[in-house]
Amino acid sequence: MEQAAGCPAVGGSYPQKNAEILSSQYGINLFLAGLLLTFAWAVHAVGISKSHLLSYLITLMLIQLLWMLWYLCRSCTQRRLIRDKDTHAGARWLKCGITLFAVITLILDSFKIGYYIDFSNCLSPTEGIFPVTHAAHTILQVYFLWCHAKDVIQSFKTLERFGVIHSVFTNLLLWTNGVLTESKHQLNEHKERLITLGFGNITIVLDDHAPQCNCTTTTLCSIFSQGIYYLYPFNIEYHILASTMLYVLWKNIGRKVEHHQQNKTPFKFHGITVGMIFGLIVLTSTIAIVVVYLIQIGGSKIKSELALTMFYLHAIFVLALMCTAGIVALLIYRLEDRSLDNSKNPARKLDAELLVGTAAGSWLLSWGSILAIICAQGHPKYTWYNLPYSVLVIIEKYIQNLFIIESIHREEEKGNDDIKTLRIVTISRGTTLSLTPLYKEIYNGRAARDSGDIPCLFKGSISGRENDGAGVAKEETSQDNSLVTHSASDFSFSSGNSVTNNKRRILKNIAAFLFLCNLSLWIPPAFGCRPEYDNGLEEIVFGFEPWIIVVNLAMPFSIFYRMHSAASLFEVNCKT
């Protein structure tokens, strides 16, 4: 059905290309409709309420649930068939990460259900149906990704394209909804804190979507309403990770996969102690800074300025360390002569594009801060720390992107775990015979067996039979010479191998350090520590509303960049 009868094999891809274009357009329109509905609810458009948005999202999730159930059932009936797998997609550590975020998302859904029960008198029924549907959607989707993220679909390709792309954009809309809800909460808190920094000329109007009725249990309502916003960062990361994994699955539909065994790259703590120690120090200090920042900011003008100064100084120090580590790693790569793997790989290509694309969010904020510092007429003391901070953010992401992209494209070093020296020791008339070709020949893949020569072991055996007397003496002499040659070669190889191992150890420590640093820098913006809001200088230069729009658009990408970088650096550490 996919290829018309009588058409050449080359033309068989034409219907599939059309299906890819049609499904992508379907997904984009699905997303734009939901995006417009979300925007209409955010600006309080006439006739659009939250129940309309939730009804749309519930419908999308139910459709995806039906498709996933159909796919799982069909896979069970065909489980005996040998399926193509993309070994690069759906890594185990990525599945573990998305499972962790999914568990916290389920806790968030339970909080929303409790919140709905307490305010059930004045909330729409959709606000109770949504978390229940979302919980079922989360459980089934995580199971689906664990079992089928590596699939290369070769049957029902047109239908599967629409099902997978529907799932991709459903998760993107759920991500958008989470980002908007969390941003509105952060913006309300920011407006309340602005007055403490002395910006009284900014009109403070809270964008409140709170229910217009009393809670049945005050204590529980407070726990649910406050806890929801601390769990949203994990929900946001869950949906964006799910959408990326589903997108790779969509790109793999109908793809011809090269059948080769991929080397497993397990994570090991051995050899990365230094990087882990420094990274954990940064992580611990960052958590302490965030706690102090959230307590001090908004307390008074002096406390707020001290909190901002403390944040900038800590961030400048961490970013400077990250830049140094990245430069050292790139210098080590320049000293090595290893080719890059340019084979077609949807997962690796998406990783590189996401790194550069999401980095643009924080670059936009940094350039906005730099421009505001240059153009502002008055400069409070703490704003001057914003200048080196913004410059370092730009440089650090530039260096880190180079390091990660080159790392994931570098071919794995062949023979790292192979036996470089092959010796067959036999006892023949009290002598030891060696079967060790030159190391240069082993490295270049030109061992004696490739040229059709008889191995030296068999040569020695034959000559021993033919020349029982003089042959033994010659053999002993050649053996002595061979031992001298091998001793020198062993020394040369071991010294070269030692240098290579030292380089690998340094790179692994750098990757581990940067991994923990990126997790550390993900925490502040994800949990409300956002100096782009509290600084106030940018709002004076650009205007309150324009700058807030820029921050709300760019911040989600900046937050995702840190988590995605951490995931990529974990992979780099495993591969190195």
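Just so it is clear, glycine is given a Cβ too, placed from its N, Cα and C backbone atoms.
All TrEMBL annotations are machine predictions without curation.
What you see is a predicted model, and the numbers here were worked out from it, not measured in a lab.
Annotated transmembrane segment per TrEMBL: 26-47, 53-72, 93-117, 229-250, 271-295, 311-333, 354-374, 510-528, 540-561, in sequence order.
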When counting Cβ pairs under 8 Å to the transmembrane segment (93-117), the leader among 53-72, 229-250, 271-295, 311-333, 354-374: 229-250
Of 53-72, 229-250, 311-333, 354-374, 510-528, whichever stretch has the most CB pairs under 8 A to the transmembrane segment (271-295): 510-528
Long-range environment of the transmembrane segment (354-374) - Cβ separation under 8 angstroms, sequence gap at least 6: 244, 383-384, 386-387, 389-391, 393-394, 397, 401, 404-405, 532, 535, 537-538, 540-542, 547, 550-551, 553-558, 560-561, 564-565, 568
Spatial neighbours of the transmembrane segment (311-333) far in sequence, C-beta under 8 Å, 6+ residues away: 278, 282, 285-286, 289, 293, 382, 385-386, 388-389, 392-393, 395-396, 399-400, 402-403, 406, 410, 503, 506-507, 510-511, 513-514, 517, 520-521, 524, 529, 531
